[in-house]
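Listed in Swiss-Prot for this protein:
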type     : residues : note
TRANSMEM : 31-51    : transmembrane segment
TRANSMEM : 53-73    : transmembrane segment
TRANSMEM : 98-118   : transmembrane segment
TRANSMEM : 124-144  : transmembrane segment
TRANSMEM : 153-173  : transmembrane segment
TRANSMEM : 181-201  : transmembrane segment
TRANSMEM : 221-241  : transmembrane segment
TRANSMEM : 242-262  : transmembrane segment
TRANSMEM : 285-305  : transmembrane segment
Amino acid sequence: MQETLLSRAERSVPRLSAALNDYYQLTKPRIQVLLLITTAGAMWIAGKGHVEPLLLLVTLLGGTLAASSANAFNCLIDRDIDLLMERTRRRAIPAGRILPWQAALFATALGVASFAVLAAFANLFAALLAISGIGFYVVIYTLWLKRTTTQNIVIGGAAGAIPPLVGWAAVTGDLGWSAWVLFGIIFMWTPPHFWALAMMIREDYRKAGVPMLPVVAGDEATARQIFIYTLVLVPVTLVLYPLGTMGWIYLLAAGALGLWLIEGAFRLLKAPNDRKESRSLFKRSIFYLMLLFVAMGIDSIFLFA
């Protein structure tokens, strides 16, 4: 009897681990790193180089819960699309390992937890901004824009630009001009980033009937749009200097990083059908945003010392 119970327990451990991993993957953890970096960067700037460790911790926790909720809802709603795409058909919901009602309950619990954490330990404004981000991503982007227009990621990019607003509001309780510049940076960064990805997996989107720009307009038109958005993005990043929010260290870093990103977008413009170039720009855009916000943090240490 003892051996039977022990063997059952041993068999249940891998199943439990696999189930927990499925729920964890619903939150799309890999794409949350940049959200946390932008949130922390905004808090650091808003606090002029100083943020209470507890406030930083709870805001990042609340932001993680909000992003996890939005991503889980996205997986739930897009389960029909995911089933048709090679990249996503093995996800837990289309594969039947997590039932739709279970995913809905999980996503709702994460959203409620996010609001509770931010409202209790940061402030109500930050909590409401986080909830608005979930709502925008789920209702406006996932339910509406993604399946109806090539501009889905342009307008939907507003959802990904909300985390720095949450971070700023957590520190100050309001939103100044600089907070909206941070919003604008991510808003303008989003199309080049995601269109580069869409160029890499265009056939998957075509099979699923998702009207991403490369599917509808082709790679050449997409590469042109990427280049245009990149050219607009770089000057937006420099606005923080004349506002007095950032100093010369950031200005130099933003300028150098901007030229690096423009060079990558130009290479894609010259070879729009080369998947190596779209993959290169996709990766470059990730490091670009990460290093840009790191530069903000470093600059604020000296600027507000």
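Each residue, glycine too, has its Cβ placed from N, Cα and C.
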Winner by Cβ pairs under 8 Å against the transmembrane segment (98-118), considering only 53-73, 221-241, 242-262, 285-305: 53-73
Among the ranges 31-51, 53-73, 124-144, 221-241, the one whose Cβ pairs under 8 Å to the transmembrane segment (285-305) are most numerous: 31-51
Long-range environment of the transmembrane segment (31-51) - Cβ separation under 8 angstroms, sequence gap at least 6: 59-60, 63-64, 67-68, 71, 160, 163-168, 170-172, 178-179, 182, 186, 245-246, 286, 289-290, 293-294, 296-297, 300-301, 303-305
